[in-house]
Amino acid sequence: MAKKIRVLIIDDSASIRQTLTHVLEQDPDIEIMAVASDPFMAARKLQEEIPDVITLDVEMPRMDGITFLRKLMSQRPIPVVMCSSLTEAGSETLLQALEAGAVDVILKSKIGAADSLSDDAMRIREVVKSASHARLSNVRRAAGTIRSASVEGPAKKLTADVMLPPPTGRAMAKTTEMVVCVGASTGGTEALREFLEELPANAPGMVIVQHMPEKFTAAFAKRLNGLCEVEVKEAVDGDPVLRGHVLIAPGDKHMLLERQGARYYVSVKTGPLVSRHRPSVDVLFRSAARSAGSNAMGIIMTGMGDDGARGMLEMHQAGAYTVAQDEASSVVFGMPKEAIAKGGVDRILPLDQIAREVLITQQKF
């Protein structure tokens with residue numbers, strides 16, 4: 001029998017502890033090792049047993065979750081999934097948690113609404129199981145993502161066809177500008193920071209989908225903008241894709257790459273979950289295959305699941321140059337692995353070599 005994933009739940013809310021316990025125990029691969037109402041009780045339990053994953057509340061009496069997380073990561077690193085409310089102030093706190101080493105985040109609004117069979121409950125279980133496989137050596141450098149825990153079940157999984165306009169069949173002229181499309185999930189927030197910090201101010205125009213809920217992407221883009229030479233912002237419908245500028249897909253919206261003549265711009269739309277996500281990497285990549293073809297470069301980074309795999313294959317088939325982050329540098333080698341398995345990847349590189357590859361490719365345009 002396979003070893004179960006043992007979870008320690010730390011939250012000052014009895015109802016959250018009870019709901020999380022109920023939701024997680026519906027999965028036969030998960031068992032609750034213990035629950036604790038604050039970090040001090042959790043510390044005592046950690047002296048007795050070590051879990052595979054910890055779920056950690058952000059706001060608690062006596063010691064907040066971020067302080068406990070930092071102490072834990074400096075003394076005994078364990079995969080941690082943060083639990084937080086969906087607020088703009090909370091988004092800043094959660095970015096600090098990801099910097100401190102949290103693997104992932106789930107929203108309390110989804111926990112409170114979840115029953116054992118709901119889509120939200122499925123997502124919570126998926127996040128915890130994924131965290132148990134995280135490479136902690138990479139988590140400290142490329143720490144996590146933020147997840148809304150809002151996905152469809154496998155039977156309802158939709159493809160990017162629901163968002164893409166019909167293909168025009170028109171020939172695509174080569175332009176002198178290159179556009180870079182990036183997709184990431186678990187581990188992506190810090191992986192993207194490391195990647196973007198290495199790019200100069202005249203880097204190619206770039207569009208990015210990082211799996212995040214609404215209200216978090218604006219804070220994420222603002223944080224990156226303060227760290228990088230390129231200009232980074234949350235995308236707005238109709239924004240042009242310009243050299244030296246990076247557009248981040250807004251949470252809970254899909255982002256498509258569009259083209260008018262030699263000009264690229266983004267279309268930001270509402271719509272159903274695609275590949276179990278909104279925003280979806282597949283939506284961006286498949287739109288890039290149609291609108292940019294060989295003028296594009298596709299990059300798929302650390303993350304669980306298969307979002308982006310089909311889109312990267314279509315980019316590859318349309319003549320784009322495609323790169324996947326390697327397993328050794330990924331926090332979770334899911335999305336890159338699926339893209340490689342589909343045959344849509346031209347080159348596999350460690351994270352610290354991807355920015356250089358972008359600049360080398362740019363010289364060919």
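The count begins at 1 with the first shown residue.
The backbone N, Cα and C atoms fix where each Cβ goes, glycine too.
Of all Cβ atoms in the protein chains displayed, 30 besides its own lie within 10 Å of the Cβ of Ser185 (active site). According to Swiss-Prot, the active site annotation covers Ser185 (among others).
Sequence annotations record features per position, and here Swiss-Prot assigns active site to His211 (among others). Secondary structure from DSSP puts His211 (active site) in coil.
Asp307 (active site): 30 other CB atoms within 10 A of its CB, across all protein chains. As annotated by Swiss-Prot, active site applies to Asp307 (among others), with the evidence given as sequence analysis.
If you look up Swiss-Prot, you'll see 6-123 marked as domain 'Response regulatory'. The average pLDDT computed over the domain 'Response regulatory' (6-123) stands at 89.
Residues or ranges marked as domain 'CheB-type methylesterase' by Swiss-Prot: 173-359.
Sequence annotations record features per position, and here Swiss-Prot assigns 4-aspartylphosphate to Asp57. Around the Cβ of Asp57 (4-aspartylphosphate), the number of neighbouring Cβ atoms within 10 Å comes to 24. Following the DSSP three-state reduction, the secondary structure of Asp57 (4-aspartylphosphate) is strand.
Only His211, Asp307, from the recorded positions Asp57, His211, Asp307, place their Cα within 10 Å of the Cα belonging to Ser185 (active site). When the Cα atoms are compared, Asp307 (active site) and His211 (active site) turn out to be 10 Å apart. Sorting each residue of the domain 'Response regulatory' (6-123) by its DSSP state yields 56 helix, 26 strand, 36 coil.
According to its DSSP assignment, Asp307 (active site) is coil.
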